[in-house]
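S.K.: So that we are looking at the same thing, I have put the structure below in structure tokens.
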Amino acid sequence: MSSFSYEPYFSTSYKRRYVETPRVHISSVRSGYSTARSAYSSYSAPVSSSLSVRRSYSSSSGSLMPSLENLDLSQVAAISNDLKSIRTQEKAQLQDLNDRFASFIERVHELEQQNKVLEAELLVLRQKHSEPSRFRALYEQEIRDLRLAAEDATNEKQALQGEREGLEETLRNLQARYEEEVLSREDAEGRLMEARKGADEAALARAELEKRIDSLMDEIAFLKKVHEEEIAELQAQIQYAQISVEMDVSSKPDLSAALKDIRAQYEKLAAKNMQNAEEWFKSRFTVLTESAAKNTDAVRAAKDEVSESRRLLKAKTLEIEACRGMNEALEKQLQELEDKQNADISAMQDTINKLENELRSTKSEMARYLKEYQDLLNVKMALDIEIAAYRKLLEGEETRLSFTSVGSITSGYSQSSQVFGRSAYSGLQSSSYLMSARAFPAYYTSHVQEEQSEVEETIEATKAEEAKDEPPSEGEAEEEEKEKEEGEEEEGAEEEEAAKDESEDAKEEEGGEGEEEDTKESEEEEKKEESAGEEQAAKKKD
């Protein structure tokens, strides 16, 4: 009696992970199988191996038919006992697989919950991504207001500078006037000095004239005294002459008349000299008085002019001091305004830089979250593919069992196999276990690809906005080109793998067309059970 095992129906990774039971070898079947590929890389290996098992089993069943007819009842009983033990082991293995599959379903539910959480986080991130644009609009409005304020301050500064220039022009005019007044003051002081010098000279001349007048008065007094003495002498001479005349009356009778004539002549001469001296003195005194009056008027005018110049100089000095104080105050105010504007501009620039840094960090954080979400989607896709591979393994095992039940010819063996195939494994043919292995990964693959495309579009939109906000450097441009090339290479590799999988699926479909004709009835029953299971699952979900 030839022995057989279930080793060809499982992949190498599946056997290594889950199937650790003892093996029952079939030497006639082991040669038709090879090690299956990993469940993460491809999920078509179990189906191909199961198809090859079906072919080999169908070929071996033909050779076993004559031998089974010649078996006696003891051999049939031994075979049935072996089959019962094998089926017991298979039942235990399938229960273990059911438990593992239930754990995988729970894991899928957990991943779906995580997917919902990630979708909520993505929605929050998108909202945050929309919020920075709103903040950016607010900040741009604030920046525009600040720029308008800076322009107003600049205009005010220009107006103050114009006013300052006007004040500087006024100051220059006042300085020119001050210099002119200083020159006029110096001229007036020069004229005053000349007037003082003239006044001193006039005073000296007056003193000299007064001295001369005194000397002339003394001379006049002396001349009067001399004249009086001469008159006295003349009178004495006249008296002496009268006496001599009286003595010589008889000889000189005309002497008195001569003396009278002489006396009259001298009196006339003295009166004339006196008159001439008085006239000369009066004329000289008048001239000196007039010159002194003229000098006094000039001195008075010079004094008045000097006092007026001093008053004007004092007024202009006060005005210049006031202008200087005003200029210093305006310069101080202008400096304070410039310092304040510079401080405001620096504070605004710091605020702008801080907001730009926050926006940049928010964008980078959002890109990191999107990348993590994409990585989680990739992990989810890998887990979905692994689950689909395990589902295909289960379906291949069920089809193998159905072929085993069909291949047995004896009535007892066929009845037991039919009962075992319908009753013991009816729980495995529910909708959750008998979903189409070809449609399940295609659905999840398309769903995950749609999510990945959405994530990639979001990342590209984020990168485009960052590129609009900040011009990329040469290193960043090269990195983006490298990333694009890597993405294109990965897409090409994925397309090649998808094409290979499609070609393998097509080959499997072509090879399984002959066998599917034999199992149409079982497939129709499975479809009915699948529809019923789907309805139950939909009700559970609702």
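Placement of Cβ uses the backbone N, Cα and C atoms for every residue, glycine included.
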S.K.: According to Swiss-Prot, which residue out of SER411, SER417, SER503 bears the annotation phosphoserine?
M.R.: SER503
S.K.: If you count Cβ pairs under 8 Å, which stretch among 94-125, 139-234, 254-272 touches the region 'Coil 2B' (282-397) the most?
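M.R.: Checked against 94-125, 139-234, 254-272; highest Cβ contact count belongs to 139-234.
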S.K.: On the DSSP side of things, how many residues of the region 'Linker 2' (273-281) fall into helix, strand and coil, could you say?
M.R.: 9 helix, 0 strand, 0 coil
S.K.: Let's check the environment of SER103 (phosphoserine): how many other CB atoms sit within 10 Å of its CB?
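M.R.: 10, counting other Cβ atoms within 10 Å of SER103 (phosphoserine).
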S.K.: Reported in the order helix, strand, coil, what are the DSSP residue counts of the region 'Coil 2A' (254-272)?
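M.R.: The counts are 18 helix, 0 strand, 1 coil.
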